[in-house]
Amino acid sequence: MMTYWPSPAKLNLFLYITGQRADGYHTLQTLFQFLDYGDTLHIEPRRDGEIHLLTPVNGVENEDNLIVRAARGLMKAALESGRLPAGSGADISIEKRLPMGGGLGGGSSNAATVLVALNHLWQCGLSVDELAKLGLTLGADVPVFVRGHAAFAEGVGEILTPVNPPEKWYLVAHPGVIIPTPVIFKDPQLPRNTPKRSIDTLLKCEFSNDCEVIARKRFREVDAALSWLLEYAPSRLTGTGACVFAEFDTEPCARQVLEQAPEWLNAFVAKGVNLSPLHRSLL
């Protein structure tokens, strides 16, 4: 039985760096919202206990891929708690639409979809809290995808408060470069002391991203993409980049601008949604 599972993108509608811990991790305040756009995972349960990724990613060993690591992590957690049915395994393939290094959470979303889907298909019965805790061992952004609701995040991104920001339309553009997260977070000029504010205060302020100035300075493609988008609508960086986005009140307005996109810009239009398409598929 082949099953299909959404693995949606996310946007950071704002991102503020509030400090840096002794272990080097940055503390932040950010607002996550999902998009009705993303990858699709195809998962076929096996009965021999094997995990096979049928669509390898160039340059990434299968055992290092977050998809495989998530599947093996769930298998281990369920086995240790006596909740793994004998022979549980899976063939997994992916239809990839989200760019690597784009700030859309593609890898984290893939991992979360595997955790949620296999917990369902294998009938392990792990709670959302257990899955989120497991997800955090794979990456700071995985828990928000596991929980499946737009959220205000603090700490290193793991302290989540569900929120319901307006569900606007977005033109999301990838400028053709990959930005490794450490490149931004290790930059000495990155703002690291933005004052912490309450969620109510932040939702009333104009949204921005502390990483944007560094991304624009170090990657001229990001600067060019944002300069173009800002001619049409409020626009900013998502995550540490490289993707940028402009917000619109209606789909036709977003698509009208998309039609004028320069050839060097890879862009798409999607709606912001507060309930993840993954979790909507489970309803």
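Glycine residues also receive a Cβ, built from the backbone N, Cα and C atoms like all the rest.
Computed from a predicted structure; not experimentally measured.
Taking all protein chains in view, 27 other C-beta atoms sit within 10 angstroms of the C-beta of LYS10 (active site). Taken from Swiss-Prot, the feature active site applies to LYS10 (among others).
Taking the Cβ of ASP141 (active site) as centre and 10 Å as the limit, one finds 24 other Cβ atoms among all the protein chains shown. What Swiss-Prot lists as active site is ASP141 (among others), and the listing cites sequence analysis.
Summarising the annotation, Swiss-Prot assigns ATP binding site to PRO99, MET100, GLY101, GLY102, GLY103, LEU104, GLY105, GLY106, GLY107, SER108, SER109 and lists sequence analysis as the type of evidence. GLY105 (ATP binding site) carries neither a helix nor a strand DSSP state and counts as coil.
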- Message: What's the number of neighbouring CB atoms sitting within 10 A of the CB on PRO99 (ATP binding site)?
- Response: 17
- Message: Using a 10 Å cut-off between Cα atoms, which of these binding-site residues sit near LYS10 (active site): PRO99, GLY101, GLY103, GLY105, GLY107, SER109?
- Response: GLY103, GLY105, SER109
- Item | Distance, ASP141 (active site) to GLY101 (ATP binding site) (CA atoms, angstrom) | 14
- Message: Around the ATP site formed by PRO99, MET100, GLY101, GLY102, GLY103, LEU104, GLY105, GLY106, GLY107, SER108, SER109, which additional residues qualify by having Cβ within 8 Å of the site's Cβ center?
- Response: ALA9, LEU98, GLY239
- Checking the binding-site residues GLY101, GLY103, GLY105 for other Cβ atoms within 10 Å of each Cβ, the smallest tally belongs to GLY101
